[in-house]
Amino acid sequence: MGSHEIQHNNSKITPYVFACWILAAFGGLMFGYDIGISGGVTSMDDFLIKFFPKVHERKMHAYEDNYCKYDDHTLQLFTSSLYLAALVASFFASKACTVFGRRPTITMASSFFIAGALLCAFAEFKWMLIVGRILFGIGVGFGNENLIRPSSSTGIRPFHRIFDHHRNTASLVQRGKDEEGKAALKKVRGVEEVDAEFQQIVLANERGKQVKQPFKKIFKKSGVPALIVSNMIQVFQQFTGINAIMFYAPVLFQTLGFQSDASLLSSVITGLVNVGATFVSVYTVDKFGRRKLLLQACVQMFVSMVAIGGILLVHLKPTGSLDKGLAAVVVILVCTFVMSFAWSWGPMGWLIPSEIYPIETRASGFAIAVSTNMIFTFLIAQAFLTMMCHMKAYIFFFFSAWIVAMGLFVLFLLPETKGDRRPGRGEALEATSSVEKDYDRRTLELKQIYLVQEQRYVVHKERYADYDRRTLELKQRYLVQEQRYVVHKERYAVHEERYAAQEQRYAAQERREITTYDTVSRNKKVTKIT
């Protein structure tokens, strides 16, 4: 197989696979549901009165600065605590997955999530909310390890990557349950002929076992380019400002002058735009390539952010609200921003890191990327409202500057991985990075080892055939010898009979001779007497 050749495996959609898709989608729903809750309830008066009365009091005073209505560290902690908990939980989830398997780990994720939901639903004190959110985060951390790799702030990723059928099989093979792993692969594929694909999984598992310290290997010179690319993408993904907008969309729209219901409706609209635009990446990512989508999105996000910042800087004063027409324009600009993110930096932020690592360090490299993402998600969620209070409309120019940096990074440093399906490689790295050279060298070595093993197999096969031929000849000789033995045995029996008869004759002759001798002796004695 060539270095760029894809091995296609026969498969068909089965009810089991469809059920797994639904299960994986629920994993994404867990992530998105948390974001929807945090964004929605932080702008609800009843919620603020009960848990954050100071924030509600500031909100109700007309003279209070529009940009500082919701500036409260505890309110931000209500949102951000989930991501810090998810970060810590993901490390334990990875170990639990290896030791216990995916089913028990998914069960743990569900248990934590349900416990968090119950605690938040019946919360009477602020600390109960925070603990509930932490339990939510633990559930998300355990769930993401097994079900999804969220591609955007709604937790929805392209469906063609939503269910990785190898993961369950590979997990079973990793724990020495080869027969169960093969049965699982047959169940997922819906066909019986999976030997070739299963052998690939076994080989990949063996290669992974050869790397005793994957994290140490990642930080070697050959692994640094992939490490930098995957982690910078996570940093840039958060500094687009997408999660700041999605977390606090109702808060942001109320800042612009929308009423509570209208602000929630506007956030729902942006959420729907996010979901719909995600499907665009499914059909365009391999057609246009990763770099083109990222660069196009940088331009669109930059224009949207600058326009939003400009409108707010000129028209939104510390008190009062925006004109309805301008507020509607801001909502449209937010939608165009979310739209461009959803088909580019959202899914690409998870797709590209999964492509540039070799298989033996992919899990460790991706774990580092996820950790980086969670850390910066936590920082943005914890700091955004405070930054907006101090920077006012300039917060949007702050994110615009980061978008420019992102575009330059993609333009000059990011390799294009479109069309390259080797385990963890990008085409540009092939020519410019020692990581790719190391991969090619190891691939060539494995091919040579495979050829040697194949030659040995042919020799052993010929020897085995020769052994079979010799065994057959010996068997035939044995049968001939056995037949001869039977003949000889029969002849021996005849000779024994003859010998016995001869013995009898000899005995009879001896008796006659003795009788004759006795008779002669008596006659002599009688003659002598007479």
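Glycine residues also receive a Cβ, built from the backbone N, Cα and C atoms like all the rest.
TrEMBL entries are annotated by machine, without manual review.
Pulled from TrEMBL:
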DOMAIN    20-418  domain 'Major facilitator superfamily (MFS) profile'
TRANSMEM  13-33  transmembrane segment
TRANSMEM  75-93  transmembrane segment
TRANSMEM  105-124  transmembrane segment
TRANSMEM  130-148  transmembrane segment
TRANSMEM  226-251  transmembrane segment
TRANSMEM  263-286  transmembrane segment
TRANSMEM  293-314  transmembrane segment
TRANSMEM  326-345  transmembrane segment
TRANSMEM  366-387  transmembrane segment
TRANSMEM  393-414  transmembrane segment
| Residues of the parent chain within Cβ reach of the transmembrane segment (393-414), under 8 Å, 6 or more residues beyond its termini | 67, 229, 232-233, 236, 239-241, 244, 290-291, 294-295, 298-299, 301-302, 305-306, 308-310, 312-313, 316, 345, 352, 384, 387, 428
| Surrounding residues of the transmembrane segment (366-387) on its own chain - C-beta under 8 Å, 6+ positions past either end | 38, 70-73, 75-77, 79-80, 83-84, 86-87, 90-91, 94, 144, 149, 215, 218, 227, 230-231, 233-235, 237-239, 241, 243-244, 247-248, 251, 349, 353-354, 357, 395, 398
| request: Note the mean pLDDT of the domain 'Major facilitator superfamily (MFS) profile' (20-418), expressed as a whole number. | output: 77
